[in-house]
Amino acid sequence: MTDKRKDSSGKLLYCSFCGKSQHEVKKLIAGPSVYICDECVDLCVDIIREEIKELAPHHERSELPTPHEIRKHLDDYVIGQELAKKVLAVAVYNHYKRLRNGDKADGVELGKSNILLIGPTGSGKTLLAETLARYLDVPFTMADATTLTEAGYVGEDVENIIQKLLQKCDYDVQKAQRGIVYIDEIDKITRKSENPSITRDVSGEGVQQALLKLVEGTVASVPPQGGRKHPQQEFLQVDTSKILFICGGAFAGLDKVVAQRLNTHSGIGFGAEVKSQNEKASEGELLAQVEPEDLIKFGLIPEFIGRLPVVATLGELNEDALIQILQEPKNALTKQYQALFKLEGVDLEFRKDALTAIAKKAMSRKTGARGLRSIVEAALLDTMYDLPSFENAEKVVIDENVINGKSEPLIIYSQPENQASGE
């Protein structure tokens, strides 16, 4: 085929499909007695791509992993948080079992098991959600609750969350409807006051109201891929009742709300049991006893709490847990940096006192596991900068002093060949 603007007689040419003249299009491709323009070619490609997508089988695990198998996989990547992993494994298993059986079992309608994760920063909330989605091979997206506002106000509309999920699976609606959505910082959209206000709270209670239907289950209308380019296309209809929503937040101060309730319910007077300072419950122990009434007092509206029936609490990670996180998971931080150095042909060794120093530093910063990478990165920055220029470097050793900025990493060099042979 050839690209032609005019035939041999100089006659004006037209596209045989859309009828546009050669002056209205960029290219006109000639075939045996027919012509097709570049716009029609693009349209044909889009049609074929859509048909291939519809005919392609939806990849889904043939067998749903059991709660034990889900928990075991989480153990490979997440240290500690045993109760939270158990709760998540059961909730996720029940959710996908419900989807496979068409929302009903023996005529009984099965409700959604959306999840609320409560735990301090860096305790593993996001990692748990990401690991679950990766293991189950389902689309996953994250949203920050602090950026959301009610429709019509400056900020991100809640239905943008579904748009992000669709983007992750190339706008395959069926695949998106089996996905997992993690909404972080959910504690930041609490009501500003327990008393109703005459002023509109568009980023607090207003967002909770907007999320209600989405989390419970509704048919969301989402603009198709390239919606602005093709405004005539119909909106995609996504059933959110099949999407698993996991909401997470630190809920700073919630432990005090729980403690207040427990103290109120405990006896007072001569017969009351008096607890010493040492017997007082820790923050983690208090959060493990959280009730819906505590969350309402904290600022979540009752209707929203009702849409998150499964509640899992995560404890603050101690020093030993942080040391484990540094070296035990399959994608442990020390293993990642060792693999990075190995690409340069150099071994990297972290001594035990270095791991302890990293954990202590993260504890003092109160950043949990999230702060570990920045500490290691800062300690290795100069070495990683110089390493590609080093000759005969064989090993880099990191100890406590390196982490605390008191000394440089120890670099061990291999002996040059001419020295080794005695020349």
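Every residue gets a Cβ built from N, Cα and C, even glycine.
Keep in mind it's a predicted model, so treat the numbers as computed, not measured.
The Cβ of CYS18 (Zn(2+) binding site) lies under 8 Å from the Cβ of CYS37, GLU39, CYS40, each on the same chain and at least six residues away in sequence. What Swiss-Prot lists as Zn(2+) binding site is CYS15, CYS18, CYS37, CYS40.
Summarising the annotation, Swiss-Prot assigns ATP binding site to PRO120, THR121, GLY122, SER123, GLY124, LYS125, THR126, LEU127 and lists sequence analysis as the type of evidence. Sequence-distant neighbours of LEU127 (ATP binding site) (same chain, 6+ residues apart, CB-CB distance under 8 A): TYR77, VAL78, ALA369.
The domain 'ClpX-type ZB' (2-56) scores a mean pLDDT of 79 in the predicted structure. Annotated domain 'ClpX-type ZB' per Swiss-Prot: 2-56, in sequence order.
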| query | Residues near the ATP site, PRO120, THR121, GLY122, SER123, GLY124, LYS125, THR126, LEU127 excluded, by Cβ within 8 Å of the Cβ center? | reply | GLY119, GLY248, LEU314, GLY368, ALA369, ARG370
| message | Please report the distance from the Cα of GLY122 (ATP binding site) to the Cα of CYS15 (Zn(2+) binding site), rounded to the nearest angstrom. | response | 61
